[in-house]
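**Student:** Pasting a structure below so you can have a look.
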Amino acid sequence: MTTGFLQKIFGSRNQRLVKQYQKTVETINALETQIEQLTDDQLRGKTDEFRQRVAAGESLDKLLPEAFAVCREASRRVLKMRHFDVQLIGGMVLHYGKIAEMRTGEGKTLVATLPVYLNALAGRGVHVVTVNDYLAQRDAEWMARLYNFLGLSVGINLSGMEHEQKQQAYASDITYGTNNEFGFDYLRDNMVYETEARVQRALNFAVVDEVDSILIDEARTPLIISGQAEDHTELYVRMNALPPLLERQIGEEKADGTGVEKPGDYTLDEKSRQVFLTESGHEKAERLLAEWGLIGEGESLYAPQNITLMHHVYAALRAHTLFYKDQHYVVQNGEVVIVDEFTGRLMAGRRWSDGLHQAVEAKEHVKIQSENQTLASITFQNYFRMYAKLAGMTGTADTEAYEFNEIYGLETVVIPTNRPPKRIDKQDQIYKTAKERYDAVIRDIRECYERGQPVLVGTTSIENSELLSHLLKQAGLPHEVLNAKQHEREAAIVAEAGRPKRITIATNMAGRGTDIVLGGNAEKQAAFIEADEAIPADEKARRIKQLHDEWETLHEQVKAAGGLHIIGTERHESRRIDNQLRGRAGRQGDPGSSRFYLSLDDPLLRIFAGDRVRSIMDRLKMPEGEAIEAGIVTRSIESAQRKVEARNFDIRKQLLEYDDVSNDQRKVIYQQRNELLEAHDITETISAMRHGVITEVVRQFVPEGSIEEQWDVPELEEALRNDWQLDLAIQEMVNESSSITADEILDAVTTAADEQYEAKVAMVGRESFSAFERSVMLQTVDRLWREHLAALDHLRQGIHLRGYAQKNPKQEYKREAFELFAAMLDAIKQEVTRIVMNVQIQSPEQLEEAAEQIEERSGHLENVEYQHADYAESGAPVANVAAATAATATADMVGSAMTHGHGGELPKVGRNDPCPCGSGKKYKQCHGKLS
């Protein structure tokens, strides 16, 4: 109550910010007359003037009014588009590293030009991030005219580009690309063996378009570069026979033994999408597997030798009970293709992990492809948090404002519309069954069609869009279906979705990024006429005028019919996705309307609100075909959506907390990897490693401060001879001296190791040997880091079980992850020292050959896949990765390498700073020991 009272007096935080930015808008507008009088050359010359002022120490904030005024004037001259005042406010929000929520049709692409131009003046690069290649290319080509006019270079970063093209794109002042491509380039840069092979610069400033889609919807899905693993095809086929023989248990057993309606072998948790074997299920599975010869008679599934089988049992169960054809995946050309649950898009090239994809392939009786091992991976949460400054734009961010602030430290500012919105959002209509719902949808579409009103129908899945298309065909209503398979065709259809009588069915976010203009898109057709060289100039002008006149008539006709009508056939579990669908209507003050049609069979209603609404319908004795349309029901649904959103936020936050553990370790490893790449001479590092390893070996047999009776000299001699190529007569030294100490033995062994090392260096020369050492070190760090991440992954999969032992799983994970990391650092030192001390070299040529073999072995990318939503594997630049990066590994290099690493991009850890691993020690006394 107090908050509401204070808001009335002082306004909300959002209103105060907008008011504050409005003052700067007035300053920019005051400069307009002065800037308008400049010639094109003088306007272009402003860019050089600004650059010099920035180089002299002037801040970008101080430069903002002038830079925005120049950019607006250039846009007016080049693009024939002048930024509105609210667009200037949007530009300021982005420049100050916040999220701008702008309604559909308010010109987000144009808004981005203001902060992008201003920040590009610093010369450190600006990334404009979009959701697909089509939008990246469209926006880059469209806005490049403006940036080039102002003297700035523009690059496009697309999948499938050559290595040199990528380097050129990143060297530009402004780089357009997709979130996936920026992330994958980052990972590939972390797998290089030469600094020249990198493509990215330091991560400076990113403007993310459709920021909610990238930073929230896709936050739970990491980018993964993977290679082929061991083949378990036969096992998946045999396990596929198990789920049909098991029965589902209905009801959960309570403490008093009640609650089970029907006993069975497994239980399903639809909310968390998990399946669990019951006690009887375990016994039945063990009996069946023993009959099939997969485990020994009377053996438990949890016996050490059978633990891997459990993984296959659960993968098969999940494939049969939680993943459905035409809802979660489709079978296309003999392959299982995932359907994105948020967008309804087919995601060719993306595969489920943990053997689930292979289990689904076995279920559908298609060819089972080999399991993959992760070679490199990063989440968008950790990638985008590495930019020095991050900003985003979307039509719907306010519902997720808390998460943006909590996870990314980004404030959301709602930008006022240029014209007041006129869209009418009608109340939801809820029917008992899906059939009644679809009948009502068809009736509504027919009414719109008859009065010439365009309709956009949003569905949550491909299956539903095809069902609706079938019903519309039966009703004799012509329509277009968008299943989000081809972005360019998608954009063309969506652009024409505002024509009279046009019916368009689209999965939730198909065609996002393209405006629906009432009356159709005359500009595109005019561009085709303009580009046709066969048409004379006067004829072109006549045709374009005729086109615009026709559009004007159609535009008014559609406005009179009520504008674009949006129909939602189901509520999404996120209010934001529903708002995105609604937001397609009523752009820039146009009329429009929206309505959602629901049924009690919808997953959201069934799981969260079904019983309550059904009891209301039963009490009201609703006849068949009659709908409930009441505020209380709509509020009940929104309450259910809020519950789901809160649960999803908790999941994402928890994932991030776990991922932060490996992320902190990454910072250490990749900082050291970069220092290795950039160091001219790593002799000191190798020497420190050698001394550390030799000390450990000697102390194992001759403990510090011990007496002769406690020593095991023969074993020490054998260990040094077999493992370290050091043939020393230590027993003779002990026999000859009555007062020799443990420290003197250590000194003798260390001196011998140093002499052996120096002899090898003298044989081939310091430069050649350093190159060999660097290759050994990089290959060893990469391989053991991947194995470490695989170990972390296995640790994480079972860590929740510690909760049953009254232990905090997160704390346990941090503790054990730290122990694993310390063990990995020791293993790196041991491995590198062993290779360097054991290598037998006669000439520099031999050494060069050995270094090449190491790099070739680690640089051989076999059957590499790039996995993430919307990232087609066929477009991934596999060949040029192998050529350009000479990195990564074959299948014998297990595990994964997460995150980035260019010297300037990860925060430097000072020697006396606290170690990022969380041990509480200084970095130099903890993980800094490696370097």
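Each residue, glycine too, has its Cβ placed from N, Cα and C.
As listed in Swiss-Prot for this protein:
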- Q87, G105, E106, G107, K108, T109, D515: ATP binding site (BINDING)
- C915, C917, C926, H927: Zn(2+) binding site (BINDING)
**Student:** Counting only other Cβ atoms and using a 10 Å cut-off, which of the binding-site residues E106, D515 scores lowest?
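**Tutor:** Across E106, D515, these binding-site residues, the one with fewest Cβ atoms within 10 Å is D515.
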**Student:** Excluding Q87, G105, E106, G107, K108, T109, D515, which residues of the same chain place their Cβ within 8 Å of the centroid of the Cβ atoms of the recorded ATP site?
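**Tutor:** Output for this site, in sequence order: M102, T104, L110, V111.
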**Student:** Give the number of CB atoms, excluding that of G105 (ATP binding site) itself, located within 10 Å of its CB.
**Tutor:** 22
**Student:** List nothing but the one residue from Q87, T109 whose Cβ has the fewest other Cβ atoms within 10 Å; the candidates are the binding-site residues.
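**Tutor:** Among the binding-site residues Q87, T109, the sparsest Cβ neighbourhood within 10 Å belongs to T109.
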**Student:** So the record assigns Q87, G105, E106, G107, K108, T109, D515 to ATP. If I measure every Cα pair among those residues, what is the longest distance in angstrom, as a whole number?
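**Tutor:** Value for the max Cα separation, rounded to a whole number: 17 Å.
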